[in-house]
Amino acid sequence: MPADMVVAAIVGAAGLAPTLAAVRAGRAVALANKESLVCAGKLVMSEAERCGATILPVDSEHNALFQVFETANAAQVEKVILTASGGPFRTWSKADIADATPEAALRHPNWEMGARITIDSASMMNKGFELIEAFHLFPLEADQLEVLVHPQSTVHGLVQYCDGSLLAQLGAPDMRTPIAHCMAWPRRIEVATRRLDLADLGTLTFERPDPDRFPALTLARSALQTGRGAPVLLNAGDEIAVAAFLERRIRFADIVTVVERTIEVAERAGELAEPDSLDATLALDALGRRYAREAVAAVGGENRAMAGGRR
Ligand SMILES: NC(=O)C1=CN([C@@H]2O[C@H](COP(=O)(O)OP(=O)(O)OC[C@H]3O[C@@H](n4cnc5c(N)ncnc54)[C@H](OP(=O)(O)O)[C@@H]3O)[C@@H](O)[C@H]2O)C=CC1
Ligand SMILES: CC(=O)[C@@H](O)[C@H](O)COP(=O)(O)O
Ligand SMILES: [Mn+2]
């Protein structure tokens, strides 16, 4: 079907095949489906180059970076910073987070989004996916990517240059702005979002993420560093684990355990090779889902045994 632009906004690895089809048709692709880049970043970006497709990042942090990243000065970029709201559990203790309910996890402080990404924000796995997404979108090494918790979700992304300049994009937490930026690019169109009044806001705060309470971020960074098939398994494990958590079959803390076990089992079976095609990526995704379902069953059993032992 003829189209000037395709908005890729299906959730999950299910969005990969249609995103890749739009890329291969040489369209402008406004990309919300971060899983396409998590699972097949190299393939999607190289096919975009080959087919003349333009990828426009919709994800708010990546859209922010897209606005302030000077491609001509890419070699002068020291690092980029993705901000994270910290989610609903930013101030919770580790013990309380472990047993948080789906209702609590679905209460995002700043953004109204689908269930899967909202749970990922609560665990900060979303920010881990976003590190991988940024790695593929921008010419950067993994160690140039940083995450800062910024509870107001007003500054969305920052680029630090070698002359000490730190360029940031700010805006109300409203996806209409990044969507409009992509749809009008390289021009701008008027959007009736709330305008920021910095004097009213008064203070913007930033914190380092806490790896002890939010281990998903470390796990995602390690999948980025491992590379090859690890990010595919990271996503597959997380899709299954989040669904199981929403169905109350595992605890909130078990989400990361399931993802960790998914990657470990695949690694032990020698199945971490880089998938070099759509079919190979989807096959590894299917395998990861199988391992993740097994991990959910095992973790659920362990939880029941522990509860039985406490009675
Ligand atoms: N919401 C947000 O603010 C942001 C979202 N994103 C990303 O955008 C994507 C969508 O998120 P969000 O809108 O919140 O999610 P939602 O759950 O609200 O919407 C997901 C959409 O995907 C469709 N879908 C799911 N599976 C399939 C499938 N197999 N085939 C066709 N369509 C399918 C659903 O269709 P149906 O309703 O028919 O089931 C639904 O329209 C995710 O990748 C997310 O990470 C990124 C940044 C911000
Ligand atoms: C709107 C958007 O881009 C989301 O990805 C958002 O960033 C999620 O919030 P967290 O910062 O809590 O992950
Ligand atoms: Mn985002």
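Each residue, glycine too, has its Cβ placed from N, Cα and C.
Quick look at what TrEMBL annotates:
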BINDING   Ala3, Asn33, Glu35, Gly114  NADPH binding site
DOMAIN    3-41  domain '1-deoxy-D-xylulose 5-phosphate reductoisomerase N-terminal'
BINDING   Lys34, Ser60, Glu61, Ser85, His108, Ser121, Asn126, Lys127, Glu130  1-deoxy-D-xylulose 5-phosphate binding site
DOMAIN    55-138  domain '1-deoxy-D-xylulose 5-phosphate reductoisomerase C-terminal'
BINDING   Asp59, Glu61, Glu130  Mn(2+) binding site
DOMAIN    170-290  domain 'DXP reductoisomerase C-terminal'
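Features recorded in TrEMBL, as mapped to the structure shown.
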residue	record	Cβ neighbours (10 Å)
Ala3	NADPH binding site	11
Asn33	NADPH binding site	25
Lys34	1-deoxy-D-xylulose 5-phosphate binding site	29
Glu35	NADPH binding site	29
Asp59	Mn(2+) binding site	26
Glu61	1-deoxy-D-xylulose 5-phosphate binding site	28
His108	1-deoxy-D-xylulose 5-phosphate binding site	19
Gly114	NADPH binding site	11
Asn126	1-deoxy-D-xylulose 5-phosphate binding site	27
Glu130	1-deoxy-D-xylulose 5-phosphate binding site	28
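Residues Ala3, Asn33, Glu35, Gly114 are the ones the record ties to NADPH, and the longest Cα gap between any two of them is 26 Å. Checking the binding-site residues Ala3, Lys34, Asp59, Glu61, His108, Asn126 against ligand 1, the ones with a C-beta less than 6 Å from an atom of that molecule are Lys34, Asp59. With a cut-off of 6 Å between Cβ and the nearest atom of ligand 2, the binding-site residues Asn33, Asp59, Asn126 reduce to Asp59, Asn126. When DSSP labels each residue, the domain '1-deoxy-D-xylulose 5-phosphate reductoisomerase C-terminal' (55-138) comes out as 46 helix, 11 strand, 27 coil, counted as helix, strand and coil in that order. Between the CA atoms of Asn126 (1-deoxy-D-xylulose 5-phosphate binding site) and Asp59 (Mn(2+) binding site) there is a gap of 11 Å.
Cα to Cα, Ala3 (NADPH binding site) and Lys34 (1-deoxy-D-xylulose 5-phosphate binding site) are separated by 21 Å.
Close to Asp59 (Mn(2+) binding site), meaning Cα to Cα within 10 A, are the following binding-site residues out of Asn33, Lys34, His108, Gly114, Glu130: Asn33, Lys34, Glu130. Of all residue pairs in Lys34, Ser60, Glu61, Ser85, His108, Ser121, Asn126, Lys127, Glu130, the annotated binders of 1-deoxy-D-xylulose 5-phosphate, the farthest apart have Cα atoms separated by 19 Å. Only Asp59, in sequence order, out of the binding-site residues Ala3, Asn33, Lys34, Glu35, Asp59 have a CB under 6 Å from ligand 3. As a summary of secondary structure, the domain 'DXP reductoisomerase C-terminal' (170-290) carries 70 helix, 2 strand, 49 coil according to DSSP. Closest to Asn33 (NADPH binding site) by Cα-Cα distance, out of the binding-site residues Glu61, His108, Glu130, is Glu130.
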